[in-house]
């Protein structure tokens, strides 16, 4: 089965074939680093991490580029508000972003360019746009002239009036058309700025990604991804800048993940339902957060709920229980490739819900397996499938023991309680043994008695 992806540009599911056989180039818009990533930021990171893993399985060479936006008015505002230097803000929040997405089992991209390291490339692209008649300088600004591009709006398919409303354009006397957007803007002495032919200034948001993708993937590449909120104006304007400056097609496939809500409502600080990734990591394992987000198809809106997170953790409990039962069996010879049905699900426009349903089936088959080779083969199939989704990398015991609540018992306390319970049972003091079990249960620890002794997990 070929890889099929929903292409926002064509509004259809198209068969994907790399521009250069065997080599895939993918660009995904990364974070603006001024604060901790929220759960809406996490969804595209997880979605495109799964796509990256799939592409690496299917093709010998994949180059994944995800940028860091470290020059932006939001960063400037945060620096003014806090008094902290901009460089300190961007370094600190970039490190926090890496820490948080690492906890979600997301691989690092092959290249992670910073906007501030590509100012020269941005200026060069703007100069080409001016020379070709697609941009003009006015009062220290440089603007893209949307009227000069015949098919501007092809990605979002909006009318000019809709585009002006959707972009919340700034009405300015120096604009030739209300829809013209900023490529370069002047900087006062208290703001970051770079020397340019138009005076000291800084780039607009859209030109940053056009310049960085050109530098690291070339004029035309395979896949450009991001959240649905970026279709317009950001991705529309990237297409305009890149195709007009380079005279060649830009990205061939455009993939966008759907909106994120929280308990059926738009996430908002005013509604009290705004969560950072770190907020959730303080409550639940990153693997459970990741699985919860993959239970809905990436192209659809996703409703984050406490119940959904609980169900994701229960699913991982079942999967790790199956692996715990064969912990002593070596599956190294069988972990190469996920079963065909799992690959088929993901090759059908990243159908992660279907792939997850196959994980349940694989775990069930593993539980019923007999014989060492059968168990090794089925264990390998489950692990390979989980790894393709960024799941099941932990030792089962580590998963069940987890981190626990801040006020919960330590591992040493739990082991001591299990030893005391075993002694109570040995002396037939069953009331004391039951009391210990109930005390641990009340503190979030579940004991499981088996032929090999007592194991435990945090509930």
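Cβ atoms here come from the backbone N, Cα and C positions, even for glycine.
The Zn(2+) binding site feature in Swiss-Prot is assigned to 29, 209, 234, 238; the stated evidence is sequence analysis. Swiss-Prot lists 269 with the feature ATP binding site. Per Swiss-Prot, motif ''HIGH' region' is recorded for 31-41. The motif ''KMSKS' region' annotation in Swiss-Prot covers 266-270.
Annotated Zn(2+) site 29, 209, 234, 238; additional same-chain residues within 8 Å of its Cβ mean position, judged by their own Cβ, are 205, 206, 208, 210, 224, 226, 230, 235, 237. Separating the Cα atoms of residue 29 (Zn(2+) binding site) and residue 269 (ATP binding site) is a whole-number distance of 24 Å. Comparing residue 269 (ATP binding site) with residue 234 (Zn(2+) binding site), their Cα atoms are 24 Å apart once rounded. If you draw a 10 Å sphere around the CB of residue 238 (Zn(2+) binding site), it holds 26 other CB atoms from the protein chains shown. Ranking the binding-site residues 29, 209 by how many other Cβ atoms lie within 10 angstroms of each Cβ puts 29 at the bottom. Just so you know, the Cβ of residue 234 (Zn(2+) binding site) picks up 19 other Cβ atoms within 10 Å once every protein chain is counted.
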